[in-house]
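Below: one structure, written as structure tokens.
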């Protein structure tokens, strides 16, 4: 077995980074992120649709760790508040942990050990696949990373006794003043350092990917942590793993950062298009709603479908505070006009807003 990796303090990474090696990628990704962030700031649909996008991001990140479920199944189980499926629960927990991190940063403005430990607890709580009883705690034993196919050990993280000092150093760095183009480079370095420390017995990959948008939110590069990279990372996951490991083995920081910036650029471009399409759908849908009825109740019920495009009456009652009778009356109007579609169960009907599902 390999010896545990002797990780250095995060500041030492910058001694091996040559910014001239990724100038074009940095300019492109910074520019693209600014456009995407500005689009979100003025989007009328952003609050409504981001919950659905969180679920999609959670799905892609969780699938990299072996979770097997679909977007539609995740949306359905979320609407039904069904916790019988471990795979779906892992997706829901990922969303909940990200929201906790966002709320913690909004409240305190800083990263802390408390925040990391609580995010880990949320991620692995309840009926999920979990390889440890040490939930919400740094690891106390040696762990390792292995190839998912060959089971060959590809990396042995630092010894457990070094986890806390390394994490203290990482957290201090994440809270240090930074600005401008350095923020995206820092996000790449922070992600790599966290994955190298591998501070928990399980859940490190998912937490590490959560940190990217949370850090950029903290340093005001984006108004909210709505930078969703896991879809692109999942598509190139073996390249992603190789790039991370090459930093540890060969000090290949420039190559890793160039790869990371490319992911940011491509995903921002993709989500610019998604947000514009969702915004257009939102406006067209409201016009349809207005033709059906001038009642604010119909709009209130319909708006729930942008938070989760699969709903049932109980979930909408909980979200809106409206009575069961009112909600069902509004749902009947929406189905009669082919805006949402029912699965026509005898009890607990699910309603699908397919126009939005197709855009996610």
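The backbone N, Cα and C atoms fix where each Cβ goes, glycine too.
Note that TrEMBL annotation is computational and uncurated.
Mapped onto three states, the DSSP output places residue 65 (site 'Important for autoinhibition of adenylyltransferase activity') in coil. Residues within less than 8 Å, Cβ to Cβ, of residue 65 (site 'Important for autoinhibition of adenylyltransferase activity') and separated from it by at least 6 positions along the same chain comprise 90, 203, 205, 206. TrEMBL lists 65 with the feature site 'Important for autoinhibition of adenylyltransferase activity'.
For 65, 198, 202, 203, 204, 205, 206, 207, 208, 209, 240, the entry in TrEMBL reads ATP binding site. When secondary structure is read from DSSP and collapsed to three states, residue 206 (ATP binding site) falls in the helix class. The 10 Å shell around the Cβ of residue 206 (ATP binding site) contains 25 further Cβ atoms across the protein chains shown.
According to TrEMBL, the feature domain 'Fido' maps to 111-262.
Summarising the annotation, TrEMBL assigns active site to 198. DSSP assigns residue 198 (active site) to coil, not to a helix or a strand. Residue 198 (active site) counts 23 other C-beta atoms within 10 Å of its own C-beta, drawing on all protein chains shown.
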Largest separation between Cα atoms (Å) of residues that the record links to ATP, namely 65, 198, 202, 203, 204, 205, 206, 207, 208, 209, 240: 19
Distance from residue 198 (active site) back to residue 204 (ATP binding site), taken between C-alpha atoms, in Å: 6
